[in-house]
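Chemist: Pasting a structure below so you can have a look.
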Amino acid sequence: MTNLRKTHPLIKIXNHSFIDLPXPSFISTXXNFGSLLGVCLVLQIITGLFLAMHYTADTTTAFSSVTHICRDVNYGWLIRYAHANGASMFFIFLYFHIGRGLYYGSYTFMETWNIGVILLFTVMATAFMGYVLPWGQMSFWGATVITNLLSAIPYIGPTLVEWIWGGFSVDKATLTRFFAFHFILPFIITAMVMIHLLFLHESGSNNPSGLNSDSDKIPFHPYYTIKDILGLLLMSLTLLMLILFSPDLLGDPDNYSPANPLNTPPHIKPEWYFLFAYAILRSIPNKLGGVLTLVLSILILMMFPVLHTAKQRSMTFRPMSQCLLWILVANLIILTWIGGQPVEYPFITIGQLASISYFCIILILMPITSLMENHLLKW
């Protein structure tokens with residue numbers, strides 16, 4: 001009798017994706033982040049669903065409904081903090097996953113890479129809208145500032161902003177539609193993740209050497225399922241430590257004050273995972289220029305396949321490029337720090353220098369370094 005998992009139309013798909021999938025025999029731990037992102041997405045959808053059962057998307061009751069979840073709902077505090085800190089874990093893994101892609105040259109899988117960048121934009125939009133929902137001070141003012149950026153678009157800007165707000169300011173209509181979008185987007189993200197995997201399985205996985213590994217493949221199960229479970233255990237431990245010991249470590253104290261349109265917080269800033277982009281936005285004195293630079297700072301990821309001048313795919317055997325990539329990582333950490341600082345003398349200059357160096361490293365230094373390495377290797 002033939003095996004059901006190999007013949008059943010539905011189970012067959014799962015079998016070809018997670019069980020009998022031929023994978024390179026020597027991919028590093030860095031390749032674990034994809035599966036962890038999948039787990040994070042499922043966690044976010046489940047916790048979000050339970051939160052939505054108790055949350056009310058109305059300006060008068062949104063803040064108190066979140067308080068009610070934390071105080072009165074069975075394990076509501078756990079669900080709420082798992083959702084909030086789960087989002088932080090999601091972004092940590094997203095950035096690691098992108099970094100891994102840059103290090104090993106995975107961006108040469110054009111379709112997989114491009115849908116990945118679109119996924120990043122979608123996840124960022126979802127996280128931003130989720131941050132607005134508790135209707136605290138930072139939620140309200142964050143929503144006001146970020147949506148207001150669209151007014152920089154010539155001609156249609158102001159009309160577009162009012163259309164998104166559903167009025168002349170961030171109010172009940174804005175909160176209701178943000179809740180609707182925040183609810184539907186994770187399911188769209190799930191569909192896009194499936195397309196992401198579909199494109200990946202068309203070409204097969206990359207590996208640290210960057211060479212073709214068709215001659216040396218092993219089944220995904222049990223080798224990589226066990227490896228993924230190890231990553232899952234480490235993630236669960238970290239997330240539980242965060243939720244149970246310091247749930248508000250990555251949050252903003254201002255969000256424990258209900259939204260007040262008459263009182264602006266001294267420093268408006270988004271969640272920590274957007275700070276690098278926020279720092280780039282603030283470092284440009286012009287509004288439209290800042291918005292364009294903000295979009296380009298993420299969109300530039302799509303340029304990597306075009307900017308790849310090296311004869312080798314991976315950075316494993318390219319020490320100079322490795323060095324530059326780590327400088328880029330340090331630069332992004334500096335930008336994240338600057339994004340959380342007030343707009344004052346030393347921070348403005350540091351932010352501007354870090355923003356310029358961010359674009360210079362990617363657009364100029366990395367391609368030139370790759371060409372130099374080609375020359376040194378006599379290629």
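Here the Cβ of each residue, glycine as well, is placed from N, Cα and C on the backbone.
Taken from Swiss-Prot, the feature transmembrane segment covers 33-53, 77-98, 113-133, 178-198, 226-246, 288-308, 320-340, 347-367, and the record attributes it to similarity to another entry. Marked as heme b b562 binding site by Swiss-Prot on the basis of similarity to another entry: His83, His182. Per Swiss-Prot, heme b b566 binding site is recorded for His97, His196. What Swiss-Prot records for His201 is ubiquinone binding site, and it gives similarity to another entry as the kind of evidence.
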Chemist: For His83, His97, His182, His196, His201, listed as binding-site residues, tell me which one has the smallest number of other Cβ atoms within 10 Å.
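Modeler: Lowest Cβ count within 10 Å among the binding-site residues (His83, His97, His182, His196, His201) is His201.
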Chemist: How big is the gap, in Å, between the Cα of His83 (heme b b562 binding site) and that of His97 (heme b b566 binding site), rounded to a whole number?
Modeler: 20
Chemist: Taking residues 6+ outside the transmembrane segment (347-367), which of them lie with a CB under 8 Å of any CB in it?
Modeler: 279-280, 282-284, 293, 296-297, 300, 303-304, 307-309, 321, 324-325, 327-328, 331-332, 334-335, 338-339, 341
Chemist: Top stretch among 77-98, 178-198, 226-246, 288-308, 320-340 for CB pairs under 8 A with the transmembrane segment (113-133)?
Modeler: 178-198
Chemist: Compute the C-alpha separation of His182 (heme b b562 binding site) from His196 (heme b b566 binding site), stating it in Å without decimals.
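Modeler: Computed Cα spacing between His182 (heme b b562 binding site) and His196 (heme b b566 binding site) is 21 Å.
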Chemist: Going along the chain, which residues at least six beyond the ends of the transmembrane segment (33-53) come within the CB cut-off of under 8 Å?
Modeler: 69, 79-80, 82-83, 86-87, 89-90, 93-94, 96-97, 100, 182-183, 186-187, 189-190, 193, 228, 231-232, 235
